[in-house]
Amino acid sequence: MGQTTQLPCAGDGICMLCKTKPLEEEKLTCKTCVTPWHANCLLSRPATLADTLQWECPDCTSLSAGQPPVPAGTVLVDGAGESSNSLIAAIRAIEADTSLTERQKANKRQQLMSGKAGSEEDDENGKKKKIHKGGEKDVLDVLGGTLNCSFCMQLPDRPVTTPCGHNFCLKCFQKWTAQGKSTCAKCRHIIPSKMASQPRINSSLVAAIRMAKMSKNVVDGGPSRVYHCVHNQNRPDQAYTTERAKKRGNANAASGKIFVTVPHDHFGPIPPENDPIRNRGVLVGDCWEDRYECRQWGAHFPHVSGIAGQSKHGAQSVVLSGGYMDDEDHGEWFLYTGSGGRDLSGNKRTSKEQSFDQQFEKSNKALQVSCMNGYPVRVVRSHKEKRSSYAPEKGLRYDGIYRIEMCWRKVGIQVCRYLFVRCDNDPAPWTSDEHGDWPRSLPVISELNEATDITERKESPSWGFDDGDSMWKWLKTAPPSSKRVEEVKEEDVNTARIAIRKAHNTSVRDKLLKEFSCLICRQVMVSPVTTPCAHNFCKSCLEGAFVGQTFVRERSRGGRSLRSKKNVMKCPSCPTDISDFLQNLQVNRELMDVIESLKSKAEENEDPEEEAQEDAGGSGGNSFAESENEETSSGTDIGDDLNSEKPSEAEGDENKSSVEKHEVPVPAVKHTVKRKQVDDGGNSSEEVGAKKMRTSSEAETVDEGNDSPSSPLHVASENDFQ
DNA sequence: GGGCCCGCAGGG
DNA sequence: CCCTGCGGGCCC
């Protein structure tokens with residue numbers, strides 16, 4: 001794997017693409033990052049000696065311009081040519097301005113990207129005005145650039161945090177480690193190898209940057225619909241702390257109630273009108289504990305299969321969960337492998353080895369149909385995809401709409417392959433951008449050179465970017481559904497809505513709490529530390545959590561290490577061993593500064609939250625109310641209310657009764673599960689399975705309580721492609 | 001952490 | 001009705 005893109009030479013000088021050590025004259029050094037590259041493996045090489053000296057590598061080109069280099073012959077995704085031309089032209093103009101220093105150029109580029117520029121093309125297009133109302137002094141101004149990534153000197157994009165508390169862009173960090181560097185670029189502390197190989201995005205910092213960018217709005221209690229993704233990931237890992245986690249038995253559970261009213265063959269986003277319970281639809285960043293919950297909210301219906309689709313109709317959604325080793329995830333685009341070709345004998349559901357060829361049939365055909373028609377495909381990422389930096393820490397997360405731009409069959413044991421490219425109006429959960437996707441050019445896929453059955457879309461896509469509206473939408477009518485939709489009872493909707501609103505809160509302090517609570521003390525973090533697994537705690541809380549346990553240092557007695565497995569100290573939020581990290585806790589000063597700054601801003605404007613709450617209430621927003629989650633889970637509020645009306649209803653032998661009766665917002669659907677009996681004779685008492693229960697409490701993702709129509713696409717700014 | 005195996009849902 | 005499947009719990 002890893003053959004798709006262009007890669008530099010590693011620390012040992014070996015080209016990461018062709019794995020050979022290039023001759024001196026085959027080496028190209030980037031003028032910006034000084035990384036060596038193998039010229040023979042580049043898609044386009046500088047033509048003259050002068051060009052060679054001024055050569056900028058593909059990474060830097062894409063980092064600075066937010067756009068990958070576009071080699072000759074690259075297909076442009078629709079719209080890119082038109083709409084982003086002016087932006088690209090503006091970037092080129094900056095680059096060409098010899099009166100500017102590199103630093104000034106970077107600043108200008110950043111302004112351009114973040115929509116603050118107020119420059120020519122704003123007026124030209126007249127559609128990029130909204131976000132920054134005037135030049136108010138926001139949190140970022142106050143911080144004066146301390147948050148910037150020390151590689152690119154810009155706000156960290158997809159921020160990752162080293163155990164020593166320093167923050168970088170994921171891309172910059174990866175480039176650093178790819179050169180064989182194993183120490184922090186800022187303080188030279190050692191970077192643990194696991195973090196170097198699998199850096200995880202620090203979702204609190206994503207939130208911090210988003211809030212800082214929009215700090216004016218935050219204080220207004222204003223829109224922040226993009227946050228909901230974050231705190232969900234950053235919540236304590238209930239699987240290790242609560243009763244619910246100890247409960248077992250979802251393995252063979254029946255599906256719970258579907259809470260949305262879209263048919264199973266519905267294409268595109270789940271809109272608010274099909275979400276009678278929350279009236280907000282499924283938003284980018286929504287998280288679920290498992291595939292059952294994901295299914296209940298309509299993001300992806302099949303509970304084992306990774307592809308939802310019908311060969312005649314098209315595919316509606318996919319899940320990325322690492323089931324196929326060839327998959328490659330670059331966030332805004334990824335390569336997906338079709339299903340099939342595996343030996344499932346022995347009553348298996350999955351298998352690792354690809355034992356025979358796949359064909360474009362069934363689900364694989366469905367994906368191909370979606371490719372050819374340019375249908376929107378919902379994408380859900382699972383924590384089980386361990387190799388991706390974009391995977392959520394736990395559970396599953398809705399990452400928005402993608403389109404399949406091409407598909408083909410790969411050589412070897414033939415598998416169907418699909419190139420997915422993001423095209424959603426909301427920003428991806430890992431960016432701190434305020435805007436969604438802008439049409440982008442396709443990445444270069446090297447495996448295509450040896451591919452067969454290459455399929456590309458011939459006609460215009462059904463889902464595309466409308467230049468007039470500056471947004472992605474249906475350009476053709478959506479394919480009609482052939483499935484029936486289950487209704488949701490009116491009174492249940494109302495009951496649920498009231499219950500949800502009860503748990504709703506929108507004060508600034510609550511928002512800070514949601515995003516920045518320490519997972520131990522549940523207060524807004526003081527002196528935050530970020531673990532290598534990207535969880536955040538107060539320094540003192542984390543220290544306190546292990547105070548009873550004496551850490552046995554790694555010294556040996558009689559040659560034998562004292563630290564056995566039992567002495568390993570696990571992150572309070574996940575099973576990661578953080579023993580080493582605990583030995584030398586470093587505060588994430590940059591995160592701390594943002595939080596402090598936001599906090600003091602919030603305190604300045606303490607009052608106006610009441611009205612804001614009123615307004616927001618109308619949209620039926622809800623929130624997690626996560627701070628009480630352990631004792632009285634937020635969902636139980638709802639469940640209890642409803643259950644008290646209908647006590648012990650689904651108690652019965654037929655497990656599907658409640659489903660068929662549409663006991664709607666009952667978040668807890670009960671069902672029985674038969675357990676396999678292991679030989680020992682007639683013990684009838686145990687053999688009928690235990691009652692299993694699924695609650696939806698974890699499925700309630702946060703809504704910032706604001707669906708104000710002013711939210712949408714703001715500035716057209718270019719998204720970093722890879 | 002790896003292997004095993006189950007019911008269930010959905011496509012055809 | 002049969003076949004498939006990027007889950008999930010459990011046991012080791």
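Any Cβ shown, glycine's included, is placed from N, Cα and C.
For A:101-133 (among others), the entry in TrEMBL reads region 'Disordered'.
Sequence annotations record features per position, and here TrEMBL assigns domain 'RING-type' to A:149-188 (among others).
Per-residue pLDDT, averaged over the domain 'YDG' (A:277-425), rounds to 96. Look at TrEMBL and you will find A:277-425 tagged as domain 'YDG'.
Feature annotation from TrEMBL assigns domain 'RING-type' to A:518-574 (among others).
The region 'Disordered' annotation in TrEMBL covers A:600-722 (among others).
Marked as compositional bias 'Acidic residues' by TrEMBL: A:604-614.
According to TrEMBL, the compositional bias 'Polar residues' annotation covers A:622-636.
Annotated compositional bias 'Basic and acidic residues' per TrEMBL: A:643-664, in sequence order.
According to DSSP, the domain 'YDG' (A:277-425) comprises 18 helix, 49 strand, 82 coil. With DSSP states grouped into helix (H, G, I), strand (E, B) and coil, the domain 'RING-type' (A:149-188) comes out at 9 helix, 7 strand, 24 coil.
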